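Single-structure report; data block below.
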Amino acid sequence: MEARRSGNFKASIWDDDFLQSLTSPYTAKEYLKQADKLKWQVKVIIKETKQRLDQLDLIDNIQRLGISHHFRDEIQRVLQNIYEKMRVECPDRMLMEKDLYSTSLQFRLLRQHGYHVSQDVFCSFMDGAGNFQAVDDLKGILALYEASFLSREGENILGSARDFSTRHLKQKLEEITDPILAEKIRRALELPLHWRLQKLEAIWFINIYESRFDANLILLQLAKLEFNMVQAQYQEDLKWLSRWYKETGLPEKMNFARDRLAECFLWALGFIPEAHLGQARKILTKIAVLIVIMDDFYDIYGTLDEIKVFTEELQRWDINALDNLPEYMRICFLAIFNTANEIAYDILRDQGINIISNLRRLWAELGRVYYTEAKWYHSGYFPSTEEYLNVAWISITGPVLLFHAYFSIMNPIDMKELQYLEQYPGIIRWPSTVLRLADDLGTASDEIKRGDVPKSIQCYMHETGCSEEEAREYVKQLIDTTLKKMNKEILMEKPTNDFGATAMNLARISLFFYQYGDGFGVPHNQTKENLVSLIVKPICLT
């Protein structure tokens, strides 16, 4: 009998008793009335703000405080007006009179909302040799740095802007006497604003904004109240999921796998943070839980013969043909089968569209690529970097997650758009590739020790003979290139489309989870702190 391997995974620190104990007073109607009043006041503030720079600062603050979804129409009208004026004014006015901060902020906000603004707006800040000129304006340089991350492939001016601003900010960081500016710079250098999770950014920015002498107290109060009210909804979502998880018996029956319900919920929350989309978060969390189990028996617990049969059963999708599977695989298959049918039933009932064949294909394809990687591992095969990535961007489960997100949030589902998405265009491929590469950077060392297929780092080292450090730099460059492709294909085409935003969020949650290592499989203090901040600890209103 073939000995089974173990991942030696740590137990979950989030038990059901603790999760069920979570409560919040912010479900009361009085808070909803208070929030509605504050939202009306903010709309007045937006309407009465007339100066262009004041408008840009206001929009930026609203976004970073995590309340912009309440003011989409108002923000869009302001930015449309700014963009139209920018197009008809002379070049000097377009450049905001050569003010680096204003030009950079305007560029970032307009691009973020899908407006096609040329990188040439930064030419007046460069010398004859094409280099950015040193300026004594750290606030402006920080704004330039943040703007540079909305670049697309081939935009060399923005590439120079990033190099210049990064170098300058690092050099000046220890000399800064303003503690707020220093903290902003330090955080930006860790991960730029464009690739941060909105909800976590809001927690941090609320604290920063509150310490400013010019803070607008109406914005601040709404941001705090909004965060606490949404947190109350997150608590209810997670409590429901914990009951579901316990009732399935999966934690006991699949005790070889990682028990990561709370972390799966954090993935779903990063994907879809909007309070009213709780059902979508529940679906994504369920899917993530099932993926983790399946991943762990393909990678570690299952024998090659077992996973070959399981892969075949996923292709057949027949619950009457499971006798050849061991018990743990029968349970996993039925959990996938029942969950898929439940999702398909809800959409058929609500929209009259049958997506069960779409879901079957997703799970069958995932099984195929998992099995390909398992054969690589068991045979000792080292794929080339290209061969690895052609399989691994799918095996990281990005397509499964993105399509379940699409089905969960799009109502009505556009069948032509769905057919287009099933060809795996950039809106599917690029976020999935970022997830794959970020995962490899964070987990490769531990997974190789446990016994897993070589990752992109090892494949590149084997292919080129380079060091691990050089391979990691290569993977980081691949991530950067892929993020630029995302900016072009997703942000510049569908910035206000809910699914476009969700696809961008997959890249963001990937960078977040693997920024300090394996923040999912081996949850570290940073993951725990973020979960506490988002789900457990409210923000003080006073």
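Each residue, glycine too, has its Cβ placed from N, Cα and C.
The Mg(2+) 2 binding site annotation in Swiss-Prot covers D295, D299. Under the three-state DSSP scheme, D299 (Mg(2+) 2 binding site) falls in the helix class.
The feature Mg(2+) 1 binding site is assigned by Swiss-Prot to D295, D299, with similarity to another entry given as support. Non-local neighbourhood of D295 (Mg(2+) 2 binding site): Y370, T397, each in the same chain, at least six residues away, with C-beta under 8 Å from its C-beta.
Taken from Swiss-Prot, the feature motif 'DDXXD motif' applies to 295-299.
Its Cβ placed at the centre, T443 (Mg(2+) 3 binding site) has 21 other Cβ atoms within 10 Å. DSSP classifies T443 (Mg(2+) 3 binding site) as helix under the three-state reduction. Residues annotated as Mg(2+) 3 binding site in Swiss-Prot, with similarity to another entry given as evidence: D439, T443, E447.
Confidence annotation: the motif 'DDXXD motif' (295-299) carries a mean pLDDT of 94 in the model. Note: the Cα of D439 (Mg(2+) 3 binding site) and the Cα of D299 (Mg(2+) 2 binding site) are spaced 15 Å from each other. D299 (Mg(2+) 2 binding site) is surrounded by 22 other CB atoms, counting those within 10 A of its CB over all protein chains shown. Around D439 (Mg(2+) 3 binding site), a 10 Å sphere centred on its CB holds 22 further CB atoms from the protein chains shown. T443 (Mg(2+) 3 binding site) and D299 (Mg(2+) 2 binding site) have their C-alpha atoms 13 Å apart, to the nearest angstrom.
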